[in-house]
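Novice: Here TrEMBL flags His116 as active site, pros-phosphohistidine intermediate. For Lys10, Phe58, Arg86, Thr92, Arg103, Asn113, the entry in TrEMBL reads ATP binding site. Under the heading domain 'Nucleoside diphosphate kinase-like', TrEMBL lists 2-139. Feature annotation from TrEMBL assigns phosphothreonine to Thr92. For Ser123, the entry in TrEMBL reads phosphoserine.
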Amino acid sequence: MVEKTFLMIKPDAVQRNLIGEIVTRFERKGFKLVAAKLMTISEPLAKQHYAEHEGKPFFNNLVSFITSGPVFAMVWQGENIIESSRKMIGKTNPQEAEAGTIRGDHGIVTHRNIIHGSDSTESADREINLYFSKEEIQNYEKNVDYWLS
Ligand code: RTP
Ligand code: MG
């Protein structure tokens, strides 16, 4: 099934010049970028985004980290992309994430783990709507051969 998911390059990876590296992985995989923006998340938006973790010991640090600098928010589209992108991202703790995954290849600590990805169709819908208006999401076909001639 063709799905959309919300992926967000976190402030640590923006600072470390990893936007291009990460976007390239999803492009090479064959997924389609349908929305993107560099933005700074407000505290209320951060709390809404991570509402499921409210009250947990790491919640306050998570909110201050995610609001500490620009993030690169994106919507990607593709077959089974929600599960597939979570696999490409790897486990929450980069030290447990397999080599070859984004967190496994580029991260060291859980509190600075490079990228966020929606974990279900419900979270994908919710998160896409939190960050993007309908007008900001593109609906387009790709035809590489056309643009090469
Ligand atoms: P994310 O939502 O950011 O994509 O990460 P995730 O699904 O892999 O992990 P999740 O359980 O949703 O946790 C959200 C973020 O909270 C931080 N965290 N710290 N035990 C801890 O110290 C702990 N557990 C989670 C991580 O930064 C994680 O990405
Ligand atoms: Mg999560």
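Going from the start of the chain as shown, residues are counted 1 onward.
Cβ coordinates come from backbone N, Cα and C, glycine included.
Source: prediction; values computed, not measured.
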Novice: Taking the residues Lys10, Phe58, Arg86, Thr92, Arg103, Asn113, which the record names as binding ATP, find the longest CA to CA distance and state it in Å to the nearest whole number.
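Specialist: Largest pairwise Cα separation, rounded: 21 Å.
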Novice: In Å, rounded, how far does the Cα of His116 (active site, pros-phosphohistidine intermediate) sit from the Cα of Lys10 (ATP binding site)?
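Specialist: Approximately 7 Å lies between the Cα of His116 (active site, pros-phosphohistidine intermediate) and that of Lys10 (ATP binding site).
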Novice: Provide the number of Cβ atoms within 10 Å of the Cβ of Arg86 (ATP binding site), excluding the reference atom itself.
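Specialist: Cβ-Cβ neighbours of Arg86 (ATP binding site) within 10 Å number 17.
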Novice: Out of these recorded positions, Thr92, Asn113, Ser123, which one has the fewest other C-beta atoms within 10 Å of its own C-beta?
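Specialist: The recorded positions Thr92, Asn113, Ser123 were compared, and Thr92 has the fewest Cβ atoms within 10 Å.
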